[in-house]
Each structure stands twice: as structure tokens, then as C-alpha cells.
Amino acid sequence: MYLPEKSVLLELISRCSSLRVFKQIQTQLITRDLLRDDLIINKVVTFLGKSADFASYSSVILHSIRSVLSSFSYNTLLSSYAVCDKPRVTIFAYKTFVSNGFSPDMFTFPPVFKACGKFSGIREGKQIHGIVTKMGFYDDIYVQNSLVHFYGVCGESRNACKVFGEMPVRDVVSWTGIITGFTRTGLYKEALDTFSKMDVEPNLATYVCVLVSSGRVGCLSLGKGIHGLILKRASLISLETGNALIDMYVKCEQLSDAMRVFGELEKKDKVSWNSMISGLVHCERSKEAIDLFSLMQTSSGIKPDGHILTSVLSACASLGAVDHGRWVHEYILTAGIKWDTHIGTAIVDMYAKCGYIETALEIFNGIRSKNVFTWNALLGGLAIHGHGLESLRYFEEMVKLGFKPNLVTFLAALNACCHTGLVDEGRRYFHKMKSREYNLFPKLEHYGCMIDLLCRAGLLDEALELVKAMPVKPDVRICGAILSACKNRGTLMELPKEILDSFLDIEFEDSGVYVLLSNIFAANRRWDDVARIRRLMKVKGISKVPGSSYIEKFMTLDQ
């Protein structure tokens, strides 16, 4: 019988990717008693680590040759499984190996904690933390670093800080681990505060996390400082840092800087394109977002994923570009993009905002797993397109099904009341959101809706009282609603001084508002304010022109 040489078997194992084929090779290894050879064992372990599906079989093989194995083989397998797409297999393999007689060492636990972090295995990780302490490995820096990372990514900031605080020595991995944990769980200020205390040289991963946190809290100066540092150090220039810089500038609404970094990237991936497209949408530059998406399709060779497509759908919704939105919808269906609640919600939002209510309802009813954002998309679309009563009906249905309305939900309800003239219902929803049941604090948009509703109903005095009670200054919508109501009632000269003063800080694009305010101040002999308004008009290049004023336009909105 032909027996292949050891070198041939090594080559066959290296090329092998099938468990069925490997079992045939294994027969030769057993026949020639090569499963005790170090080179063969290393190749076998490498093969078994190629797929999480091999985990059960790997425990059988390793158990059969356990007498000649070192911990290195077990740890190598655990490290391989920890980075696969089935991280729970790592825990299974660890427990199986231990039950078969394997004695863990300090290098065993980092991949196990890494796997626990990937699937948020808090219970499993804490159990193994206890084992680490009992076995005397807790003081090892590699183990402690892996614990900090595990607790951090699982949102257990208190435990992460506890381990970090107990470390006798901290290296760059320790500091980056705690900063990463803060960043991933939304504790951005804590991440930046920790970075400011860092007493070792940061690495690329540190800077990426700090850039993300800087963007989330609007700390542009720190972000720019890191950008300058990256440009001076070639080792820090990478696609990952480039993407983080784009994200930081976008979140700080510095789109020109974001576009410059985007343009300078030698290579762009989906994250690059998505960060830039979603950033343009966030900054209300939807037309540019769609143009950039078109450029991506024609020049990059990158196929859009669900994240990019939801951003494009949002841009279509903002522009009312239903034809482009419909194309994206069809692309999702034909390209095999995984349909989830996020994508379904974006499609409902696009059709609803574009006024295609029947299509929006059809998509909405077809979404099996809805969340509050899905309901908000439908309610908002119904409200702004003249279906106020139906919007309120869906609001009540949403509550009955156990969904908890948020600020956007209540804004949709108030919009529905405003567009339908339901004053009593509007009051009820406005007070309901502030009740103990929901404990939500109205934002400027909610006050604007409520004041608009009251003004349209001729309840100017109640609207003025609400303006006085607002914790924030009024905006253009509120000013327009109040002035419209005053004009209709012929009481322009009776506006309270504090309200008129608050209107002075608002910048308008329409000459009618400035002229009307100027006349009011003139009637009240507030000549300095008259001069101030006229200077503002001159600076902004606004002159009184014939035709409809902002007030008149405002009064005809949604009629």
C-alpha cells in the first residue's frame, strides 16, 4: 500500500478545507503514527481552526493525542474560534477541552473573553472571570486587558473600570480597551476624559476611538488636533483612521473637511461611502448625497449595503424624490439585500413623506417586526399629508400593542392635530407626553406645533402664555404663527415686550416678517429696534418686494 511522505501530508493538510477530506488524511496520519509529530500537530490545529463547524471534531482529535499536546495547541484553536462568525463555539471548545483534561494557562483566557464580548456573553464571561481569579491568573496583564475589553464592549462600564483601576501596570492595550468600551457604549465624554489621562503613547486604535467620541460630543478642536498628528505620522495613515476622520467631521457638521478627507483616501470601502453619504443627509444636503451615491455606483465597484441604501432612502424622502426612492426599493428586492426592520422603516418613511400613503401602508403592514421608528415613519407621513385622524388612530393602536411613544411619535401626533384643527386633542397629547407615564420634555418643535395649532384656532392668548412658559427661545415657525394670529385679530400692537424682544434674535428670509416687526416697533416708539431690523435687512440683502409675505405664506400652509 502506498504511504505518502510526511512532506506530502503536510502539504495536503495545508490545502485541505473539507472535514471529509481531512478524515481521509487523518487515516494516513494514524497509520504512520504521525499525530505525535510537532509539525503535523501544528498543521492539524491550523486546519481545525479554519471553521467553527470543526469545533466538535477538534475536541475528539485533541483528546486522542492529549498526552503529547502542549497548551499552545489548545490556545491556538481557541484564538481561531474567537475571531470566527460563531464566537459561542469558543466557549463550547474551552469547556470541552477542560473537561477532557486540558489545564488552562494565562494565554487561554484572552480569546475566551474576546469571544464572550462578541456575543455579549455577560454570564459566561463572569463565570470565567471567577475561574481566572481562583487559578491565580488575574494579575496577568494580558488577562486583565482582555477583561477590560470584554466588560467594556458588553456595556459593563463599572466592572471594566474596576479591573482597569486594579491593574498594577497599564500598557497602550489597557488604555485603548477602556476607551473603546466607553466609546462603544455611548459614554463619549468618559472616553475623552480617560484619553486626557493616558500616560502611554496612543496607537492607531486609540485615535480611532477618540475621533469617534470627539465627533459625538462635537469636540472639533481635539478631532482636528488628532488629524494633524495623523498627517505627521505615516504609521497612523490608514483607511480606518480616514473613515474615523470623515465620521468626526460629519458629526461636527464640517462637511468641507469631511469631503476633503474622503477625496484624499487612496482606497474607499463601504464605511467610507456610507459615512459621507449619511453625513450629507444628516446635514440636510440630500441632493449631494444622492449625487455621491450615483458616483459610487458608477466609479467605485462597491455594491451598496443596507446602511448606505437607508441613507439614500432618507435623502429621497427629504427631497420628495419618489422615483429615485422607488428605484432603491426595487434594487433592494432584486439584489438580495437582507430585508430588516431598519430598511423596511426607511422605505415606509420615503413613501409616506413623498405622499404615497397607500404604498407606505402596504409596506408597513408587511413588516413583521416593527419598532417605534417604523410607527413614527407612518404616523409622520399620515400627519403631513392630510390624514390627521388616521395618524391619531394608528397612534392609539401603537400604544395598545405595547409600543412606547417617544418624542418623535408625539410630534407626529401634534402635527396631526395641527393639520386637522383638533385643539382639544392637541392639548391632550401635549400634556400626555409630560405625564408620569411618558415623562418626556417637549422640544422646540413640540411647542411650535402646539402654538401653531392654538394660533390657527384663534386662541392667541393661550398661545402667548405658552410662548412665555417655554424653556427655549421661539423660532421662525412660532414667530410666524403669533404674528399671523395677531394680524388676523388686529392686535399687532398688543404683543408683550418680552415676546417682541425674543423675536429680535430670529433671522428670517422673508421681507414681510421684517417689515411687520419694524412697523410694530415703530408703533411702540422702539426706534433703535427699527434701525436694527433695517440694518439686518440690508446685511442680508432683503428688500420689501411686492407679492405674498412670509406671514401670508405661513397662513396658507397646509390649507
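Keep in mind that glycine also has a Cβ here, set from the backbone N, Cα and C atoms.
Marked as region 'Type E motif' by Swiss-Prot: 478-554.
Per DSSP, the secondary structure of the repeat 'PPR 1' (70-104) breaks down as 24 helix, 0 strand, 11 coil. Per Swiss-Prot, the feature repeat 'PPR 1' maps to 70-104.
Summarising the annotation, Swiss-Prot assigns repeat 'PPR 2' to 105-139. Per-residue pLDDT, averaged across the repeat 'PPR 2' (105-139), gives 95.
The annotation repeat 'PPR 3' is assigned in Swiss-Prot to 140-170.
Positions annotated as repeat 'PPR 4' by Swiss-Prot: 171-201.
Taken from Swiss-Prot, the feature repeat 'PPR 5' applies to 203-233. Long-range contacts of the repeat 'PPR 5' (203-233) within the same chain, counting only residues at least 6 positions beyond its ends with a Cβ under 8 Å from a Cβ of the stretch, are 172, 175-176, 179-180, 182-183, 186, 188-189, 191-192, 195, 240-241, 244-245, 247-252, 254, 261.
The annotation repeat 'PPR 6' is assigned in Swiss-Prot to 238-268.
Annotation comment: Swiss-Prot describes 269-304 as repeat 'PPR 7'. Long-range contacts of the repeat 'PPR 7' (269-304) within the same chain: residues 239, 242-243, 246-247, 249-251, 253, 255, 258-259, 262, 311-312, 314-316, 318-319, 321, 324, 331, 335, each at least 6 residues beyond the stretch ends and with a Cβ under 8 Å from a Cβ of the stretch.
Beyond its flanks by at least six residues, the repeat 'PPR 8' (305-339) meets 270, 273-274, 277-278, 280-281, 284, 286-287, 289-290, 293, 296, 346-347, 349-356 of its own chain at Cβ-Cβ distances under 8 Å. Taken from Swiss-Prot, the feature repeat 'PPR 8' covers 305-339.
With a threshold of 8 Å between CB atoms, the same-chain residues lying at least 6 positions outside the repeat 'PPR 9' (340-370) that come near it are 306, 309-310, 313-314, 316-318, 320-322, 325, 328-329, 332, 377-378, 380-382, 384-385, 387, 403. Taken from Swiss-Prot, the feature repeat 'PPR 9' covers 340-370.
For the repeat 'PPR 10' (371-405), the residues of the chain that approach it from at least six positions outside its boundaries are 341, 344-346, 348-349, 351-353, 355, 357, 360-361, 364, 411-413, 415-417, 419-420, 422, 425, 433, 438, 558, judged by C-beta separation under 8 angstroms. What Swiss-Prot records for 371-405 is repeat 'PPR 10'.
Counting residues 6+ beyond its ends, the repeat 'PPR 11' (406-440) has Cβ neighbours under 8 Å at 372-373, 375-376, 379-380, 382-384, 386-389, 391-392, 395, 398, 446, 449-450, 452-454, 456-457, 459, 558 in the same chain. As annotated by Swiss-Prot, repeat 'PPR 11' applies to 406-440.
What Swiss-Prot records for 443-473 is repeat 'PPR 12'. With a threshold of 8 Å between CB atoms, the same-chain residues lying at least 6 positions outside the repeat 'PPR 12' (443-473) that come near it are 407, 410-411, 414-415, 417-418, 421-423, 426-427, 430, 433, 481-482, 484-486, 488-489, 491, 495-496, 498-499, 502, 505-506.
Beyond the repeat 'PPR 4' (171-201), the same-chain residues lying 6 or more positions past its ends with a Cβ under 8 Å from any Cβ of the stretch are 141, 144-145, 148-149, 151-153, 155, 157, 160-161, 164, 209-210, 212-214, 216-217, 219, 222.
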